[in-house]
Amino acid sequence: MNKGFVSGEEFARWYATARQMAIAHGIETGELNWLLQGWTDLDRLTLRLQDFAHREIALQETWENIQRGWRRRVEEKYPVQYLLGQTQWRDFVIKVTDDVLIPRPETELIIDIVQHEHSALSPSNCADHWVDLGTGSGAIALGLAATFPQALVHAVDCSGSALAIARENAQLNQFGDRIQFHQGYWWEPLEHLKGQVQGMVSNPPYIPQRELAQLQPEVIKHEPLLALDGGPDGLQAVEQLIRRSPTYLKPGGFWLVEIMTGQAPMVAELLRASGAYQDIQIHRDLASIERFVSARTLS
């Protein structure tokens, strides 16, 4: 929706100041262009070349709100994704508010791992139940629904506000009839699925409490603490998932979580020590960081 126009001359003056604000505060100037692509009719190339001084610029947000929004990004470290109200994740446009964690690019690999590990699945197994525990924005649930067109995906979160966003994302991306939403803690709302689930995927809170204060201000000040705080050692939620998942997964069912740097060996050892898992694997992200751990329940 058009919210008015601004002259190229006025815009160019403000843009130069906004770039200097970014540089002075250690913010990538590309974030300014990203915001302006969402809030004006300017495209990436035009912004990169700064080829806008001699034209009128159409606005999708009011000129006052654009200026105020950028000040908020710089001064309050408020994430651009929250300002825009959306982010790109895999092939999806995901709505985000500060009720949900912003889906990270590295988390996209969690779906690649699922696809690789299940490329040889029979059609009957592909039609089974899949679960995204701690769904947040619903991004992983969308990835699972796209990967397994015949499956029913269950998205669980303890936050009603997060589930409302996840439901909206399912509708926006045409998966409203393929994903069921459940409010509660981890497996709690899925008692009716004991022994029936083909796979569980989760990006649980995994930051040790002592390290929360060291997170970037964009994260610790604005993203939900519930999605970050992993307890004293960061593995509080992961340990629950290890302990409880065999009750719900089928024999040979798939288990996959995202974790932080340095946690993979501990998670693998916890899986081994439980005696309930086989085929335990550690997977690296694109930066070669051990980011994911997968396993299967005993057959």
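Cβ atoms here come from the backbone N, Cα and C positions, even for glycine.
Now, the feature entries from Swiss-Prot:
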{"type": "BINDING", "residues": "GLY134, THR135, GLY136, SER137, GLY138, ASP157, TRP186, ASN203", "note": "S-adenosyl-L-methionine binding site"}
{"type": "BINDING", "residues": "ASN203, PRO204, PRO205, TYR206", "note": "substrate binding site"}
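On the structure: features taken from Swiss-Prot.
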residue : record                               : Cβ contacts under 8 Å, 6 or more apart
GLY134  : S-adenosyl-L-methionine binding site : VAL156, ASP157, TRP186, SER202, ASN203, PRO204, PRO205, ALA227, ALA237
THR135  : S-adenosyl-L-methionine binding site : ALA141, ALA155, VAL156, ASP157, ALA162, LEU163, ALA166, PHE181
GLY136  : S-adenosyl-L-methionine binding site : VAL100, LEU101, PRO103, ASP157, ALA162, ILE165, ALA166, ASN203, ALA227
SER137  : S-adenosyl-L-methionine binding site : ILE94, LYS95, VAL96, VAL100, LEU101, ILE102, PRO103, ALA162, ILE165, ALA166, ASN169
GLY138  : S-adenosyl-L-methionine binding site : ILE94, ASP132, ALA155, ILE165, ALA166, ARG167, ASN169, ALA170, ILE179
TYR206  : substrate binding site               : GLY230, GLY234, LEU235, ALA237, VAL238, GLU258, ILE259, MET260, GLN263
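The most crowded of the binding-site residues listed here (ASP157, TRP186, ASN203, PRO204, PRO205) is ASP157, judged by how many other CB atoms sit within 10 Å of its own CB. Close to the recorded substrate site, the chain also has GLY134, SER202, ALA227, LEU228, GLY230, ALA237, VAL238, VAL257, GLU258, ILE259: residues not among ASN203, PRO204, PRO205, TYR206 whose Cβ is within 8 Å of the site's Cβ mean position. DSSP assigns SER137 (S-adenosyl-L-methionine binding site) to coil in the three-state reduction, outside any helix or strand.
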